[in-house]
2 protein chains.
Amino acid sequence: MLPPLRLGIAGLGTVGVGVVKIIRQKANLLADRTGRPIVITAISARTRDKDRGVPLTDYAWEDDPVALAKRDDIDVFVELMGGSDGPAKAATETALANGKDVVTANKALLALHGQALAEAAESADQVIRFEAAVAGGIPVVKALTEGLAGNDITRVMGVMNGTCNYILTRMQSAGLAYDEVFEEANQLGYLEADPNLDVGGIDAGHKLALLSAIAFGTKVDFKGVELEGIQRITIDDINQAADMGYRIKLLGVAQMTGRGLEQRMSPCLVPDSSPLGQLEGGTNMVVLEGDQVGQIVLRGAGAGEGPTASAVMSDIIDIARGIRVPTFGKPAKGLAQATSAKASASAPYYLRFQLLDKPGALAKIAASLGQAGISIDRMRQYSHEADAAPVLIVTHKTTRDALEAALAAFAETNVLAAEPVAIRIEAV
Amino acid sequence: MLPPLRLGIAGLGTVGVGVVKIIRQKANLLADRTGRPIVITAISARTRDKDRGVPLTDYAWEDDPVALAKRDDIDVFVELMGGSDGPAKAATETALANGKDVVTANKALLALHGQALAEAAESADQVIRFEAAVAGGIPVVKALTEGLAGNDITRVMGVMNGTCNYILTRMQSAGLAYDEVFEEANQLGYLEADPNLDVGGIDAGHKLALLSAIAFGTKVDFKGVELEGIQRITIDDINQAADMGYRIKLLGVAQMTGRGLEQRMSPCLVPDSSPLGQLEGGTNMVVLEGDQVGQIVLRGAGAGEGPTASAVMSDIIDIARGIRVPTFGKPAKGLAQATSAKASASAPYYLRFQLLDKPGALAKIAASLGQAGISIDRMRQYSHEADAAPVLIVTHKTTRDALEAALAAFAETNVLAAEPVAIRIEAV
């Protein structure tokens with residue numbers, strides 16, 4: 001049997017404690033599967049004297065994660081602190097500089113500093129693994145980096161923020177307003193310390209940017225992700241989309257086009273009977289498309305102690321087994337600088353607006369669409385509320401430029417009571 | 001850059017040709033991702049002078065795959081011939097004995113001889129990889145062996161034979177009898193040379209046995225799979241299941257219980273709106289359940305040139321990258337002998353029978369169920385056809401022993417016009 005693989009774990013929140021439990025409870029299984037013992041040497045967290053429900057006295061303690069990252073008696077630095085900068089970044093850099101491999105669940109860190117860290121790892125002949133950073137327990141980083149490595153990847157899509165999906169499905173099932181469910185989610189502890197990371201789509205955007213880098217062999221380009229959160233989604237949007245057979249999901253899409261890398265994370269409509277439409281609560285789904293394999297769909301828990309710890313363990317086990325793949329699937333220095341392009345692929349759109357009670361009002365809207373070259377698939381007008389009538393339109397496929405031209409023309413008609421809502425429809 | 005990885009490919013059917021195309025067309029991509037060129041040195045197939053749509057003159061030719069497996073100028077023997085014995089087995093054994101790694105798509109070979117081959121590979125310090133043997137393009141072997149390696153796997157399920165799924169979905173959509181669709185599938189070339197491998201559930205059973213070995217750390221035990229094919233499924237079964245909100249799928253389930261390893265591959269009813277119920281045509285779906293990760297669902301193409309070649313390439317790329325994991329996830333000599341147990345988990349059942357037009361007939365059936373401790377969830381009786389009335393019953397959860405007792409009691413009642421049909425219902 002090989003010598004033990006020695007871990008230093010920084011961060012003892014839900015995920016860190018989950019990892020400690022697995023290593024304690026499954027020592028034999030892990031040794032069987034990797035051919036060597038996996039042991040924890042030292043740990044670090046913000047507070048030492050707190051009952052975390054698992055014995056920690058066997059392990060050396062470090063107050064400072066940077067000190068942990070330097071210890072001679074660890075082989076792998078397991079970074080489960082979170083935060084794109086500060087101690088997580090400093091400790092990760094220190095670990096690499098001191099000849100440690102790194103396993104992390106930190107999407108923000110990698111989305112913002114992934115290129116520099118991957119280059120640092122390569123120079124030091126170390127690896128950085130981050131299965132737990134994307135889609136919780138779903139082994140999607142491995143599927144993309146290794147399982148589909150014989151493909152040119154054509155598109156990556158996914159619902160990758162369980163909190164947003166919880167809020168959207170809960171709004172629909174309970175008929176509650178966004179603010180009410182947001183408050184519920186907050187009470188339940190589902191939201192990040194800065195909730196905008198979740199509901200603003202930032203966390204999901206980080207994940208999409210990481211998958212894009214692997215898929216397209218480009219440097220992580222989080223700034224290139226067109227971001228739109230779910231804060232503007234109202235219960236009316238949800239109910240009226242449901243009326244037309246759709247559900248609203250915060251969906252990420254990344255694809256390489258002739259004009260560059262398109263990445264967007266935004267609310268979309270999906271058919272309610274589709275696999276994405278049926279995704280409930282905190283479940284994540286990722287769709288990977290390759291030129292050889294066609295479409296692969298992966299579904300599973302996107303967060304939580306067990307699923308996320310499972311992903312961290314798979315990286316640790318890989319390292320124990322001697323699996324060493326470059327951070328983003330090819331050498332970091334060979335990753336191309338992506339030219340980010342505004343997402344432009346044609347799609348049908350869902351339009352919702354309040355039409356003023358004036359003769360010829362609908363004709364003006366219809367004319368604006370026609371002049372932009374957009375044809376109508378389905379339309380529904382409801383009874384007037386006060387002096388305006390809610391109207392829903394599902395268009396045939398159109399470009400985003402055409403849609404924007406139509407929306408600009410709408411503004412000139414003076415027949416709308418408020419800003420129209422336009423949401424892209426994706427069929428998955 | 002490392003020296004090239006040199007392949008010998010035996011078998012130039014659809015999958016073999018697909019692999020040759022990828023290696024020719026994606027040389028740069030593959031070298032980028034693995035850090036070394038991947039090249040084909042020599043090939044072998046049954047007939048040499050046949051236009052396969054791809055230039056093959058660059059490669060040395062061997063008439064005999066065993067001779068190919070011995071060549072000094074190959075590092076990896078890629079076995080794409082098929083067949084559980086004969087040349088595929090002989091060549092694979094020769095390759096391992098001659099210090100070659102093996103990549104294979106051959107589920108029959110591994111289901112019957114996997115233990116001996118894995119031990120031979122280990123003794124020779126070589127690896128056998130078989131991603132393409134299970135569920136086509138879906139990277140399920142990798143997901144289970146590596147991605148979920150931090151879990152005790154609790155259950156594996158899947159629809160893993162695209163031909164059966166094609167037949168069952170086509171029967172339903174076209175309202176055709178089994179024999180008619182079987183003949184169609186035959187004309188389309190969807191069936192194996194021995195069609196019983198497909199419709200008898202054997203091919204899918206091979207795949208389930210391979211996943212079980214990885215999941216539960218046991219020696220491959222294909223004989224322990226309770227097999228039932230789809231040949232007895234009638235269009236009436238399909239239509240009347242649809243009436244009750246179900247679809248029929250050839251579903252594999254493997255789980256370790258206190259009594260031993262349960263493996264079965266049999267037609268099951270699944271809710272028509274469930275992910276499994278919505279699986280159309282040749283698509284495969286595999287469900288992996290682990291104590292940490294919960295449920296992971298993977299969906300993708302189960303066959304075809306591109307998807308299967310994608311899976312073969314992932315194994316080749318792993319070898320090029322230096323990834324060396326034991327065949328079934330832990331050393332073959334450490335795999336336990338499974339005690340195979342008759343599948344016993346409780347489930348609801350769907351019963352269909354022809355009830356004779358006699359007073360008290362239904363009461364006798366109901367009494368038989370009641371005496372076996374089985375309660376009825378839903379029942380439907382249709383108008384009489386001749387002197388018997390079709391009856392459908394969906395039971396509440398019951399054990400298989402209770403079900404068999406009830407069926408035995410049915411036989412004593414003399415009120416059924418024919419053998420009743422009983423199909424297990426699975427909720428996935």
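Note: Cβ is positioned from N, Cα and C throughout, glycine not excepted.
TrEMBL lists A:Lys207 with the feature active site, proton donor. Long-range Cβ proximity for A:Lys207 (active site, proton donor), meaning a same-chain Cβ under 8 A and a gap of 6 or more residues, is found for A:Lys107, A:Ala111, A:Ala133, A:Val134, A:Ala135, A:Gly158, A:Met160, A:Asn161, A:Gly252.
DSSP classifies A:Lys107 (NADPH binding site) as helix under the three-state reduction. Note on A:Lys107 (NADPH binding site): other Cβ atoms within 10 Å of its Cβ, all shown chains, come to 28. Residues or ranges marked as NADPH binding site in TrEMBL: A:Lys107.
Neighbour list (A:Glu192 (L-homoserine binding site), Cβ cut-off 8 Å, at least 6 residues apart, same chain): A:Thr163, A:Asp198, A:Asp203. What TrEMBL records for A:Glu192 is L-homoserine binding site.
Taken from TrEMBL, the feature domain 'ACT' covers A:350-426. With DSSP classes pooled into helix, strand and coil, the tally for the domain 'ACT' (A:350-426) is 25 helix, 29 strand, 23 coil.
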Whole-number mean of pLDDT values that fall within the domain 'ACT' (A:350-426):
91
Three-state secondary structure of A:Glu192 (L-homoserine binding site) from DSSP?
coil
